[in-house]
Amino acid sequence: MKVILKADVKGAGKNGELVTVSDGYARNFLFPRGLAVEASQHAIHQLKDKEAAAKRREEQKKADAQETANRIADKTVKMTAKAGQGGRLFGSVTAKEIAEAVAKQLDIEVDKRKVELSGDIKSCGTYEVKLHLYPGVSARVYAMVTEE
């Protein structure tokens with residue numbers, strides 16, 4: 001019997017898959033627990049519509065991220081930090097601080113885990129920072145660190 005899984009089922013398949021299982025397994029285990037529905041033409045059509053809608057949403061998210069990346073590409077984020085002689089910072093500038101500065105100055109929320117630094121920022125100057133906005137979409141911005 002062909003069924004559409006409504007949840008991940010060990011040994012049968014993942015959520016949303018169209019699988020063939022024995023009639024008894026479907027009637028006695030999957031259907032009573034709400035783990036699957038019979039694969040009628042209507043159910044298959046709904047599954048395809050749902051997959052198409054999910055794909056459109058993902059494409060829209062990627063397009064939005066690409067537009068954002070184009071908008072902020074090569075912009076400079078200005079930051080201040082306490083420094084000693086010769087421009088050496090007391091401590092370093094972290095990805096979290098850069099993410100906060102990007103949110104404040106460029107109006108873009110970026111998780112600190114999506115900020116990629118080429119190395120530690122331990123002195124005043126301008127540094128290249130890569131922001132990963134979406135899988136496959138990233139933007140390069142510059143962090144200008146000045147003495148406080």
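Start at 1 and count along the chain as shown; that gives each residue its number.
Glycine too: its Cβ is placed from the backbone N, Cα and C atoms.
So that you can see what the record holds, here are the features copied from TrEMBL:
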type	residues	note
COMPBIAS	48-65	compositional bias 'Basic and acidic residues'
DOMAIN	13-40	domain 'Ribosomal protein L9'
REGION	48-69	region 'Disordered'
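Sequence-remote contacts of a segment are chain residues at least 6 beyond its ends whose Cβ falls under 8 Å from one of its Cβ atoms, and for the compositional bias 'Basic and acidic residues' (48-65) they are 16, 133-134, 136-137.
For the domain 'Ribosomal protein L9' (13-40), the model's pLDDT averages out at 93.
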